[in-house]
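Written out below as C-alpha cells is the structure these notes cover.
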Amino acid sequence: MRECISIHIGQAGIQVGNACWELYCLEHGIQADGQMPGDKTIGGGDDAFNTFFSETGAGKHVPRAVFVDLEPTVIDEVRTGTYRQLFHPEQLISGKEDAANNFARGHYTIGKEIVDLCLDRIRKLADNCTGLQGFLVFNAVGGGTGSGLGSLLLERLSVDYGKKSKLGFTVYPSPQVSTSVVEPYNSVLSTHSLLEHTDVAVLLDNEAIYDICRRSLDIERPTYTNLNRLVSQVISSLTASLRFDGALNVDVNEFQTNLVPYPRIHFMLSSYAPVISAEKAYHEQLSVAEITNSAFEPSSMMAKCDPRHGKYMACCLMYRGDVVPKDVNAAVATIKTKRTIQFVDWCPTGFKCGINYQPPSVVPGGDLAKVQRAVCMISNSTSVVEVFSRIDHKFDLMYAKRAFVHWYVGEGMEEGEFSEAREDLAALEKDYEEVGAEFDEGEEGDEGDEY
C-alpha cells in the first residue's frame, strides 16, 4: 500500500482537518463511528482507501492522522464532536498552555515538551503502514503553534523519515485580515523552515477564500466552517487519486516531480471549480472546458496573488467525476492559446493531468452544489512571490524598531534567527525573480511587437 499520514497542527490545521476527514468519510461511506457498511473485506484488505484509513479486526476504520495543539479547547471539540468515535484517543494530542501567538513558544519552550510525544504517535502510525508514502501536514504560519510547533515537527520528520515526501497545506496571513499583530514574525520564521523541510507547500489564504465564498456561493458572512469545507474539497481532489482507483492516477511523489523545478521553488497556488451554490448549479452547464477556464481565473486562486503578474512554471489539473481524457486535452489546448496565461519559456508543456471517476461529494447541509464533475488545480507560478513580499514588508516595518522582539528572545530565541530567516526569504524572492526571467534577456526588444 501507499499510505499517507496526515498531521494537523494548531487551530487552523485541526479545523481544516475536521473538514477533510468529514468529507473523506462521506466519500467512502464510512460512518461517524468508523464502521463502513459497504466494505467487503473486513479487518484489512487492499482497498484503495486504506491509504488514509487503517482497519481494525472489528471492521472499524481509523484515520491515519494525528491532531496536535498546545492548548486543549480546539482538540476538545474533536473529542466531543460528531466524529469523536472515529479517531483513536491517542491520536488527539493536546497540551495545557498555548503558544500565545509566539513562534518561540511553539518551537522552543512549550513545543519541545510535546514534540516527542507527537513523534512517538507518528511512529506508531508509520509502523502500521506497509509502504508509507509520505506526510500531509496542515498548519497556519501566522499563529504560534502552527508556525512554531509546525516547523519543529517538520524538522524532526526530516531527521526520522528523510526520504519520505512532505506535502504542506499552509494558511498564510491575508493582506487585509489579520488575526494577530506578530503574524509577520511568525510567518517569516516558519517559512524559513518550510523552505528546508517540505517538498511541496500549497498556500491558502483566508481572505482569498472568503472572497470566493462571498462571490460564488453568495454567503454574506462566511464562517471558518464555510472556508474549511471549500479547502477540504481541494485537498480531497488532490488525494482522491490515492484513495480511489482512477484513469490517470497521481501519486504524492508525482506532485513533487511535476511541479517543483528547483527545490526551493515549491510554493503552490491552488484553485477549485466549480464553486457554485445549489440554486445556480441547476441552471448552468458546467462542461470540462468551462470548469478548466474558471480554475485559471485569478479570482479562483486560494491565495491573494494575481497569476497574471507572473508566469506559470507547471500546473497540475486533477479532474474528478464524469470526465474523459479527450475533453481534458481539448480544454488544456484552449488554455495554452490564451495570451493571459503565460508559461515560462523553459517549460513549454507544463501540464500534468489526473482523472478520477469518483464524482465530488458534498457535505449535506453545506454550501456547495452537488455536481457531476469538478477540477482542482495546483499550479507553480512566479506570482506566489507577492505573498512573501507582502509579509516581508510588514516584517521589516516591525523589525526595524525591534517591536515585540523581546517576547521571542525571552522564550530562548536569538535575534540572529530573525535576520537569518529574513535573509532566507529575501533570497527566495530573488530566486522567484530569476526563475521568471530566465532566457528573457536577449529578447526584450522583440516583445513589444507581439501584442
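Going from the start of the chain as shown, residues are counted 1 onward.
Using the three backbone atoms N, Cα and C, a Cβ is placed for every residue, glycine included.
Among the candidates Glu71, Glu284, Glu290, the residue that Swiss-Prot names alongside Gln11, Gly144, Thr145, Thr179, Asn206, Asn228 for the GTP site is Glu71. Listed in sequence order, Asp69, Val74, Ala140, Gly143, Thr145, Gly146 are the same-chain residues six or more apart from Gln11 (GTP binding site) with CB atoms under 8 A from its CB. Between the CA atoms of Glu254 (active site) and Asn228 (GTP binding site) there is a gap of 25 Å, rounded to the nearest whole number. For the pair formed by Asn228 (GTP binding site) and Lys40 (N6-acetyllysine), distance between Cα atoms is given as 32 Å, rounded to the nearest Å. When other Cβ atoms within 10 Å of the Cβ of Glu71 (GTP binding site) are tallied across all protein chains shown, the result is 19. Looking at Lys40 (N6-acetyllysine) and Glu71 (GTP binding site), their Cα atoms lie 40 Å from each other. Shown in sequence order, Gly142, Gly143, Pro173 are the residues of the chain, 6+ apart in sequence, with a C-beta less than 8 angstroms from the C-beta of Thr179 (GTP binding site).
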